[in-house]
Amino acid sequence: MEQGKFHVDEQVSWRSNSKWGCFAERWQVFRPTRRGSIYFRCRNCNGKFHREHNKAPVELKHPLHPKHSLRLVLLQSRPPKETRECYCCDKQISQVFYYCSACDIAINFVCAKEQPVLLYIDRPKWHEHTLALFPSEASVTCNLCALVHATSCPFYTCPPCNFVVHESCLRLPRVIKISRHPQHRISFTPSFVQGNWVCGVCRRKINTDYGGYSCIKDACSFAAHSKCATQSNVWDGIDLEEVPEEIEEEELEPFETISEGIIQHFSHPDHHLRLDEDKERDYDENKLCQACIMPIYFGNFYSCMQCDFILHEACAKLPRKIYHPIHPHRLTLVVDFDRKKSCLACPWMYTAGFFYECDICETGFGEEFQYFMLHVQCATISEPLVHESHMDPLFLTSKPGEQRICLVCKELDHKHTETFNCIECDFALCFKCATLPQKVRYKHDKHELTLSYGKETSTMTYWCEVCERKINPKKRFYMCEEYCCVTLHVECLIGMDLYMKPGSSYSVQGRKIDVLPNNRHMCRPICRACKKRCLYKTALKFIGSIYCSNSCCFPWSK
């Protein structure tokens, strides 16, 4: 590879030995011989992990910002709750971009390489007159999206009509279908009839004097801001204008009723399942539902009449196809017990269970290749979410790339950015905490245990029954509210790797990893990584060594 050639806009998983390890401090600015321009190269890999591309100048001039030069920068981290849009396309800034520190303006690398923006546009999509580019900075409101951007995005104007539109809004689609309103299409409207319109994405009020999207059905009152409706986690990018509506496939039932209390489930076609009514029964933590991989704590369940296959009654009734607010396409319920899977909403790793999968969207490379997938625990919660951790209903209002700290676990998940948010305050709840069971059983306590979300002002001292360490009363933990007052860490009770089924296995880079049960012997093994006893329900066996969790076995996956 020639020096100076660096494919900075390629997005490749770092698990495939790519550029994610090549940070800015390893870049070297240099001037090639007999050339006047300055370029850069990656000193970390010298281009080994980067496909050849046009040379990227360290500094350049752009017609949308002629006042100052823009410098090439790399974004290594983004503060929580902060998002930044490209000055040119108004999309989220990618990892590598050009930046003017004097004006706080950022332009995506791809946009900087495109053809210059037109000074005039004849016959524009959203206006009957010619529009003129107004490249200087000004605070004006776009007629199509009702936004005034802090960085003053380039916009076009029609002075006689007092019409103003951002350059990026000129490409707004006319008719779309979004994940927040999957039952109907929505179409763009230049203004709304007077009324109290609320955006179905961000849940904030809509200014009726400006453009937005509304449902094409007269009896439906769904509406959304222009920018909210066209977010990448809401819309699939397809304009459906003049595209006939598809006829929905006939719904497939998850099971066939054989007789009263006896069913034939699609996931277990060879045997019949019998309904076991809720009654007093001994709790067995080794009996797991094959759909959600959770123990049978309470309620009815179906058990196979010929083997040990078990399903919660609720899991047996899961629909075969659904829509979910965090994905624009329809998802299909799939059963696959033979490979490792990752949910796109939460950080848990899975070796079994039912998943909802999109057969349109593909993500990942090599061993990490998969479709868009949601574990049934995440797929079955939606908005508005009424949750015990907060008094107000919660909504999925996060923008693409926006990162918020979950106020229950007090953690920030850099890989999974969707959170349930309160529109009245700053409360945020991650999918991991939202799907934890509210009530559970513990083999050494005859009472049910309740999930406590902690109190900031608590001065109580609690001890975990399993690891015998202190429990932070300000964080979530399980406790018995009866006279016995048993308390346990969440991870100590339900496991660090909650959905890793004992007895299953998966592979990483061609090497087999066995998931071992770790609750059947008095003496528990010592983890090779942390040098402590493996306290959780499962342990991992990898290349002859025992690890207590995925975090210890693969610290880079945290």
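Using N, Cα and C of the backbone, Cβ positions are placed for all residues, glycine too.
Because the structure is a prediction, the values reported are computed rather than measured.
Annotation source TrEMBL lists domain 'DC1' at 63-112 (among others).
Taken from TrEMBL, the feature domain 'DC1' covers 125-169 (among others). Within its own chain, the domain 'DC1' (125-169) has Cβ neighbours under 8 Å at 63-66, 85, 87-91, 103-106, 117-119, 188, 190, 206-207, 209-212, 225-227, counting only residues six or more beyond its boundaries.
According to TrEMBL, the feature domain 'DC1' maps to 180-229 (among others).
Per TrEMBL, domain 'DC1' is recorded for 266-316 (among others).
According to TrEMBL, the domain 'DC1' annotation covers 325-379 (among others). For the domain 'DC1' (325-379), the predicted model reports an average pLDDT of 77.
The domain 'DC1' feature in TrEMBL is assigned to 443-492 (among others).
When the domain 'DC1-like C-terminal' (513-553) is classified with DSSP, helix, strand and coil residues number 4 helix, 15 strand, 22 coil. Per TrEMBL, the feature domain 'DC1-like C-terminal' maps to 513-553.
Tertiary proximity for the domain 'DC1-like C-terminal' (513-553) is limited to same-chain residues at least six positions away from its ends with a CB under 8 Å from its CB atoms, namely 285-286, 349, 351, 466-467, 491-492, 494-497, 500-507. In terms of DSSP helix, strand and coil, the domain 'DC1' (125-169) has 5 helix, 12 strand, 28 coil.
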